[in-house]
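Participant: Here you go, one structure.
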Amino acid sequence: MKIAMIGTGYVGLVSGACFSEFGTEVVCVDHDADKIAALRRGEAPIYEPGLADLMARNADAGRLTFTGDIASAVAGADAAFLAVGTPARPGDGHADVSAVYDAARAVAAHAPDGLVIVTKSTVPVGTARELEGLVHREAPDRELHVAANPEFLREGAAIDNFMHPDRVIVGANSERSRSVLEQLYRPLSRLETPTVFTTLETAELTKYAANAFLATKITFINEMADLCEAVGADVHALAHGMGLDRRIGRSFLNPGPGYGGSCFPKDTSALIQTARGAAAPTRIVEAAAAVNDARKESMAHRIAAHCGGVAGRTIAVLGVTFKPNTDDMRAAPSRVIIPLLQSWGATIRAHDPAGMAAAREVIPGVTWCRDAYEALEGAACAAVLTEWNEYRNLDPARMKAALAEPRIADLRNIYDPASMAARGFAYRGIGRITPGAG
Ligand code: UDX
């Protein structure tokens, strides 16, 4: 089998490298010549554990190559995956699918007979159907197929997610599409991974529904955390108790400063727009998105309240990426929280193990520090925004020595409230009972 992977962003690169690991010949295509040159040198443009090794191994074996030329990539290919960006359109929140259409047009222009064009990027319901019309108009002389195969990769665990997925979703409406995708994913069926074959529309919507459900689950536990605080209950024991019900499950019940990242905010917003457009509004998802937006702001108020005001004081921020093990700053809560604190007169010192280069571009006026202890120097509060493992193991005595005032606002609940209080910190977590705190 040979496939072309159009777009070498996060999804395209991870999927391309993983398919090549299955033994498939993969040609990754991007119009960014510098990116292709870097990829050919073996440089991974994103921080994803295991990706560089996977790329190197399969590039050496000759199964994974990179080019700017779509024509040669699709020549002799069985499938072309479209993994280009579908950002939220500024203004209306709809997903911008213009890059997907452009890629499909370019693929169709050079496609061999029988090629299956597969949407991998998250695209609104109806996109694959539209693409069918488009590619048939572009290449009326050839038999081309369109399929939908949404990804469910989590940043930081993407390789493992691809290799051991809970399921594979395939929207296919021809025997050829079905059999090509079945063959490509055969190594997974040996692991008894369920594959759900369905229509184009159902496959597209399944992706949105899954992400919207997870975003709602997080938002639910965040509201429960606030309620726990108000009534003197503990959200972790509550989540454990809830999660033991197998219908609910414990995962994605970790309270925090609100979900961020490249998927949940964009996909909930696109789903909301699709549903409104179809006169079937998803009110629960609308509420979750609004509550999550408000939560990011409320986290800045929480830090300020914990400090008794931040004007003229220094706040140390530990972690700025939307979650650990990534350098991704997209929709990170820090992008709302830090500017608000600054607008109230706070000076921000911050550290992040991987995100500082990207953060510099999007959050101005911050003193970026070499490590966590340096960030804490002279600060009135340590605010934990991302649960990087290295912050879990900081030495409390050194933290206390560096801080001007021993205070922690732990928005990810990485520390134990009782032990932090016992060490003399004014500690505030999310939805937890802190001994001695009012
Ligand atoms: C997500 C989906 O999990 C994945 O299936 C989809 O394809 C893309 O979007 P990702 O954005 O990489 O993946 O991150 P994820 O680990 O799901 O976390 C998203 C956000 O939710 C992060 O900001 C994280 O901090 C937050 N989160 C997650 C919580 O606040 N609590 C939780 O319990 C879980």
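Using the three backbone atoms N, Cα and C, a Cβ is placed for every residue, glycine included.
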Participant: Of the residues LYS35, LYS323, only one is listed by TrEMBL in the substrate site with PHE152, LEU153, ARG154, GLU155, LYS207, PHE252, LEU253, ASN254, PRO255, GLY256, GLY260. Which is it?
Facilitator: LYS323
Participant: Which of these, LYS217, LYS266, does TrEMBL say binds NAD(+) at the same site as ASP30, LYS35, THR86, THR122, GLU155, ARG330?
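Facilitator: TrEMBL names LYS266 for this NAD(+) site.
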Participant: Go through the recorded positions LYS207, LEU253, CYS263 and tell me which ones have a CA within 10 A of the CA of ARG330 (NAD(+) binding site).
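Facilitator: Of everything listed, what lies within 10 Å of ARG330 (NAD(+) binding site) (Cα to Cα) is CYS263.
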Participant: Out of ARG154, LYS266, which has the highest number of nearby Cβ atoms, where nearby means within 10 Å of its Cβ, if these are the binding-site residues?
Facilitator: LYS266
Participant: I want to check the contact list for GLY260 (substrate binding site): same chain, sequence separation of six or more, C-beta distance under 8 angstroms. What comes out?
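Facilitator: The answer is LYS296, PHE322, LYS323, ARG330, ALA331, ALA332, PRO333.
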Participant: Checking the contact step here: among the binding-site residues ASP30, LYS35, THR86, THR122, GLU155, LYS266, which have a Cα within 10 Å of the Cα of LYS207 (substrate binding site)?
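Facilitator: Candidates kept after distance check: THR122.
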Participant: Of LYS35, GLU155, GLY260, CYS263, the recorded positions listed, which put a C-beta under 6 Å from ligand 1? Please answer none if none do.
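Facilitator: Those recorded positions that pass the cut-off, since their Cβ is under 6 Å from ligand 1, are GLU155, GLY260, CYS263.
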Participant: Sequence order is fine: just name those binding-site residues in LYS35, THR122, ARG154, PRO255 with a Cα within 10 angstroms of CYS263 (active site, nucleophile).
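Facilitator: So the list reads THR122, ARG154.
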Participant: Measuring CA to CA, name the entry from the binding-site residues ASP30, THR86, GLU155, LYS266 that ends up nearest LEU253 (substrate binding site).
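Facilitator: Checked the binding-site residues ASP30, THR86, GLU155, LYS266; minimum Cα distance to LEU253 (substrate binding site) goes to GLU155.
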